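Copied over from TrEMBL, here are the features:
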TRANSMEM  35-55  transmembrane segment
TRANSMEM  67-86  transmembrane segment
TRANSMEM  98-121  transmembrane segment
TRANSMEM  158-179  transmembrane segment
TRANSMEM  191-209  transmembrane segment
TRANSMEM  225-247  transmembrane segment
TRANSMEM  259-281  transmembrane segment
TRANSMEM  293-314  transmembrane segment
Amino acid sequence: MQLCALKTKKQVLTRYVLQKLFGPRVAGLTNDKNILYLDLPSNMVGSFLMGWWGIVFKADISSVSDYLAIGLTTGYLGSLTTFSGWNQKMLDLIVDGHWVLAVLGFLVGLFLAAYSIIFGIETAKGFRWLLTRRNACTGSGTPSSSSNWRVDSFKRHLAVMGVLILMLGLLWGVCGALLREEFSSGNSGAQLWLACFVGPPGVWIRWFLARLNGRGLGRAGSFKWVPFGTLAANVSAACIMAALSTVKKAVNSQTSDTVASGIQLGFLGCLSTVSTFTAEFNAMRESERPWRAYAYALITICISFGLGILIYSVPVWTKGYG
């Protein structure tokens, strides 16, 4: 959990940088007014890396440490991508009357994320083939070197845990100090440091919810193919995201905007995930029943979008929030 928290802070910074890099002020590729939403680059990058670290090289990473594998996939990649931000941008589009763009935004976003993980898997397999061929030519192998780095004893686990707790406390302290300084001066950077501060609880909750995956409903375990843990994380994050967006519209002050935006970027961005969602989508698509992938995607999007309309769009329309 400590490793997930450390990866979360890096993820928040990475997602923030990608938003600014591809946003209207720099590259001008993404913005809030079309189907190429601000979080699209981070969702694509996270899905691509999930193909590397979460699928092809997952066993190799787990051979070093299972916690490292969880930290990279659940912690970093799961938090680098955000479903709640994607859903909220589509809600913003329909509030402005752009229903067709919202539908296209979901279709294009799903296609690009799904193809990103496929591209990641194929390139990772190609890289593995190059490594295998190189090792075969040189007569060298990697088992001995990986076993030396294996965290498989109580002392090693204790040492790693102590270092991670120390680093987490240090980073939390730095984020808290920067947040206090930026917030008191009224700078927009307070959103970023608040996001870094509240991000870890989001990924911890998602990690706990992941235990619901594969269990199904009821004692009979119906619909075991539906990853209810990921579904619950994405839907709940999308609903809270919509509620905070409504609060921002209703209150319309700098303080509420800073706090709400920080929670949205950090806590909710880490609670929801696209990389895990696309990994599950890809696994279902390659199974004997590929229709389940599209049913799962449709269920996730329809529930999140439908509840978002009730929580965010309807109050904005009826109350006339600007």
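Positions of Cβ are set from backbone N, Cα and C atoms, glycine also.
Segment contact holds for the transmembrane segment (225-247) and the transmembrane segment (293-314), given three or more CB pairs below 8 angstroms at sequence separation of 6 or more.
Listed by sequence, the residues of this chain that lie at least six past the ends of the transmembrane segment (67-86) yet keep a Cβ under 8 A from its Cβ atoms are 3-8, 10-12, 14-15, 37-40, 42-43, 45-47, 49-50, 53-54, 58, 61, 105, 109, 113, 151, 160, 199, 202-203, 206-207, 210, 234, 237-238, 240-241, 264-265, 268-277, 300, 304.
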